[in-house]
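Working notes, beginning with the structure itself.
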Amino acid sequence: MNGTVSNYPSTAVLLQHLVKLFFGCLAAVTCGMMYAVYLSTYHERKFWFSSRQELEREITFQGGNGLYYYYYKYMLAASSFEKGINDLMRDNRTISAQTINAVEQLSLYPELITSFLYRVTGSQDMIEPVYFYIGVVFGLQALYVTALFVSSWVMSGTWVAGMLAVAWYIINRPDTTKVDYAIPLRDNWALPYFSCQVAALTGFLRNNISSSGEMFCYLLLSASTFTFILIWEHSHYVLFIQSLALFLLDCFDLVQPRKMADIHKVYLCSIILAYMLQFQNPSLLSSPLLSLLLLIGQNMKAGRMAARLMKIVLHFYLVFTIGITFSYIIKVSVICKDLSINLCIYQSHAILIPRDFVTNLLLCQEGFQSPGQDYFLRLTQASVLPFYLLVLLVCLLSTLQAIRRRLSGEPIKAKLRLEDGMIGEQPEVIYHVFHTLLFGALAMLMKYLWTPYVCMFTAFGVCSPELWVTVFKWLKLKSVHPVVLGLILSTAVPTIIGFSLWREYFPRLISELSELQEFYDPDTVELMNWIKTQAPTAAVFAGSPQLMGAVKLCSGWTVTSLPLYTDINLLRRSENIYQVYAMRSAEDIYKILMSYKASHVIIEEAICGEMNPSKGCRIKDLLDISNGHVIYEKGEMYTFSKYGRFCQEIKMNYSPYINYFTRVFWNRSYHIYKVNTVVSFQY
């Protein structure tokens, strides 16, 4: 009888835990699904997608990223999946006078997998290919916010934190995702897996996790890490920042050594597998992540505080020194096209030196532009930034206290009680403190990586009773018990924030879905129709890389360059083709185009006649600086050359230009000139 009665409390606790888990999972999945439906509805209202023809739909893939969708279409049109892959690995119909491995160079695994799923699921009779492709991307975005939900839920212990994290993520969508305007981008495929990896890592680091839960988190961590590395060329840099956060945890004995060893195995195995599947990608061998993993040792935990700190500093020095040396060796001994690009970018941010066209072009890309004051203003208006700073301050101070205790010889507390008020003793919380600090230091370059985790981390903090109890333990309140006050505030604060966000932002989200927007580009449609119907089948088009991506997508014709920023050879090609907007002679431009076997060149009025008052990032300015056609006087930039700007002079039909080029198409936005094959170089 007594034994039966004694089982009631444990059964009740188990039942309560299962009910809480069920409703939390239901809320997480519901948030993800609602976000996917929201994206789909917004996309339809913005582009009127369902009522457009195929060509107009493809033009909505802006910024050249539609090139990835072209390869998805190509795989579906291939007679077999195997033949499609073989053709892409020996692609000589995309870039003129060059055969490329498109799978390797463009990281096309997402398109390969999506086209395979479209074939094997029999979706041909149920859904159009473009809707299937977009649906997969939106589904991954649902996975993204679901993983953020889970991370915040795991740390705070309440799924209210997850809902608040998702709400902040959606409200700050201009700063958290690019999926609104660039669906096929590699970021939109890769970052959901990174979010899953962070959620799995958060659960794996917990001290009080069960063995089955730990195994599940470890398997999810392994799968998501490998997938993340496989499909995004910059993933190993992101994981390097993450590994630094874990390295600091390990150095100060803030996490179990066994778990750190398991995480290192995940990193190493993922790099090795991705290296093989990415056709022996040399950038993975020179990755700072690999350098860090190879140099990790246990001797940093021995000795006094000063000695350990010196060892940590020395270790960082060795990591960066060996990483740069190894990168140089790989670059010299292996044909590597993209190792120097990221180094060039970060070096140019760090020191002011004269830069060439390629470096300037990369620094002018949106992803490398420092966010302005409006970015922080938006975060403040959504109440994210003020609470983030509060949560970060509390967690950081508590973490420093935990580090001091570890250095003093105190062991890790396996079980923490709410009344202990030691939120900095939780390994998963400490990891996220280091994570947000390290990524925050790079927020000027990586706001799309940092902002989602600011939303998640802030939501965890305001909903966590442990955080509020930690604060009140420091304040040493006597009138009210810290635990009682912590429980009250962990419920009241997110409730007030939630109602405030609902009143302020919910009407805006509804208006976005109800407001009919119109995206129509008749000039581009006319251009693509002319190319598809009038251009010879052997035509080779030259122009800006972004436009060439659209030409390849809509027509399939061969082009001279592609919108890729990880291949230095293609970037140099783009620089040469961009000379049509520089102050160069007709003969120079003709020789450049003939060297790439171009039969037609497209001049864009948006580039040629750009009148942006903020000089420095216009293509014309970058070319003038690179070509030495610029002088500076009293802080002003002036251009000079004995030749006029080619894109403007060619419209005048002067004799040198009409000898080399014949205009065959024009409208308000584009001019197409045929490159004459027989011409005299005498003016």
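The backbone N, Cα and C atoms fix where each Cβ goes, and this holds for glycine too.
Bear in mind that TrEMBL entries carry predicted annotations, made automatically and left uncurated.
Here TrEMBL flags 20-42 (among others) as transmembrane segment. Remote same-chain residues near the transmembrane segment (20-42) are listed as 134-135, 138-139, 141-143, 145-146, 149-150, 153, 159, 162-163, 166, 170, 179-180, 509, 512-513 (criterion: CB distance under 8 Å, separation of at least six residues from the stretch ends).
When Cβ-Cβ distances below 8 Å are used as the criterion, the transmembrane segment (130-147) is approached by residues 28-29, 31-33, 35-36, 39-40, 43, 54, 57-58, 69, 72, 114, 117-118, 123, 166, 169-170, 177, 179, 183-184, 188-189, 191-192, 195-196, 198-199, 452 of the same chain, each at least six residues removed from its ends. Residues or ranges marked as transmembrane segment in TrEMBL: 130-147 (among others).
The annotation transmembrane segment is assigned in TrEMBL to 153-171 (among others).
According to TrEMBL, the feature transmembrane segment maps to 215-232 (among others).
Taken from TrEMBL, the feature transmembrane segment applies to 312-330 (among others).
Under 8 Å from some Cβ of the transmembrane segment (385-403) lie the Cβ atoms of residues 252, 254, 376, 379, 422-425, 429-430, 432-433, 436-437, 454, 457-458, 460-462, 467, 470-471, 497, all in the same chain and six or more residues away from its ends. Residues or ranges marked as transmembrane segment by TrEMBL: 385-403 (among others).
Annotated transmembrane segment per TrEMBL: 429-450 (among others), in sequence order.
Under the heading transmembrane segment, TrEMBL lists 482-502 (among others).
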